[in-house]
Amino acid sequence: MSWKILLFGAINLTCTGFLLMWCSSTNSIALTAYTYLTIFDLFSLITCLISYWVMMRKPSPAYSFGFERLEVLAVFASTVLAQLGALFILKESAERFLEQPEIHTGRLLVGTFVALSFNLFTMLSIRNKPFAYVSEAASTSWLQEHVADLSRSLCGIIPGLSSIFLPRMNPFVLIDLAGAFALCITYMLIEINNYFAVDTASAIAIALMTFGTMYPMSVYSGKVLLQTTPPHVIGQLDKLIREVSTLDGVLEVRNEHFWTLGFGSLAGSVHVRIRRDANEQMVLAHVTNRLYTLVSTLTVQIFKDDWIRPALLSGPVAANVLNFSDHHVIPMPPLKGTDDSNPVTSTPTKPSSPPPEFSFNTPGKNVSPVILLNTQTRPFGLGLNHGHAPYSSVLNQGLGVPGIGATHGFRTGFTNIPSRYGTNNRIGQPRP
């Protein structure tokens, strides 16, 4: 296969060389525009050779998806270069309208048939897989649409032609025939009336047809290079994703992304969250089986539901302690600073100031205060010292804090916590 492509490439270079010489001798820009189609055939043969090389290569660690995108890049480059050639022809034609040169028709018709014969022979002899796919998948050009309208009318009269002209003709065959037809009209008008301006008009027509034919292919291959999802498979992919989300054990399907890897091949990745008791391999097999009908290269990441109830205690808890949901954390107000307050009156005092004028349960001035024992719960941090209580008495009455004493105001379910409840660096120090 490769030697055949190389042979046609050599013949193409020979024909292109002769056509360029005839373009110079005839001074015909229309023949030059038509010769650019032969140069495009050379790019098409190079693309076919790249496609053949890609088929023989296998994915490697550096290129895990293979080399299929080289075909896409080759098609995109070929069509863009053909459009640039058409723009060059339009620029030259605009200059010729200002000063139309004389056209020699000696080699014009010969060059037309040589270029047409070689182009058709190349397309019929070499099966170019990338361009064949793009010509079918890309949107129709304006030339194909107009020819399709004429073909419907013609096939209504002669039904046997529907297999040739419908649903739409090959765009490369169509542009070759249309360009040859324009050159034939140019030859006749110049031979009959010496109407040289028709050569420029034919060059503009061939350039516009070339640009209109190549533009949809450039857009399609460009979208493939941008890793977009083909519009015609979005509905099918949505349906498959819904089917996957209903599989047994599947909780959620997210982060799905599908794109065109090459011509006719899709790649994709998806994250699937499953139940904690589901079989990962079984779910993976079912998901892959559902999506493999459309996506040839698929990456599925399975992860189990990792929801865990938060625990309030990090240490060991006795078996007869209540459940976590039955406990509540009671925030304790912070201790106030006691450097500048009196333990009896809780008012600021100075070292040199006399005793306060009043105190709790004192009959008059300057009398030593007597602190009466009060078993009622007082707010924590007011500077009231109830004395020290051992851990045993504290735990017998409920939850307590060393240095405060028995606190009857707070009740929790932690009644059977071991005697070693925690550590406090204030044990043995009197609370101010």
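Note that Cβ sites are derived from N, Cα and C of the backbone, with glycine treated the same way.
All TrEMBL annotations are machine predictions without curation.
According to TrEMBL, the feature transmembrane segment maps to 5-22 (among others). Proximity of distant same-chain residues to the transmembrane segment (5-22), defined by a Cβ-Cβ separation under 8 Å and at least 6 residues beyond the stretch ends, is recorded for 31-32, 35, 38-39, 41-42, 45-46, 48-49, 52, 107-108, 110-111, 114-115, 118, 122, 125-126.
According to TrEMBL, the domain 'Cation efflux protein transmembrane' annotation covers 6-226.
What TrEMBL lists as transmembrane segment is 34-55 (among others).
Sequence annotations record features per position, and here TrEMBL assigns transmembrane segment to 67-88 (among others).
Residues or ranges marked as transmembrane segment by TrEMBL: 108-126 (among others).
Per TrEMBL, the feature transmembrane segment maps to 172-190 (among others).
Under the heading transmembrane segment, TrEMBL lists 196-215 (among others).
Taken from TrEMBL, the feature region 'Disordered' applies to 333-361.
Look at TrEMBL and you will find 341-350 tagged as compositional bias 'Low complexity'.
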**Request:** Could you tell me whether the transmembrane segment (196-215) and the transmembrane segment (67-88) are in contact, taking contact to mean 3+ Cβ pairs under 8 Å with a sequence separation of 6 or more?
**Result:** yes
**Prompt:** So what's near the transmembrane segment (108-126) in sequence-distant terms, Cβ-Cβ under 8 Å and 6+ beyond its ends?
**Reply:** 4-5, 8, 11-12, 15, 18-19, 22-23, 26, 28, 31, 34-35, 37-38, 41, 44-45, 48, 170, 172-173, 176-177, 179-180, 183-184, 186-187, 190
**Asked** So which residues does the transmembrane segment (172-190) touch in its own chain, when a touch means Cβ under 8 Å and the partner is 6 or more beyond its ends?
**Response** 28, 30-31, 33-34, 37, 103, 105, 108-109, 112-113, 115-116, 119-120, 123, 131, 135, 143-144, 147, 196, 198-199, 202, 205-206, 209-210, 213
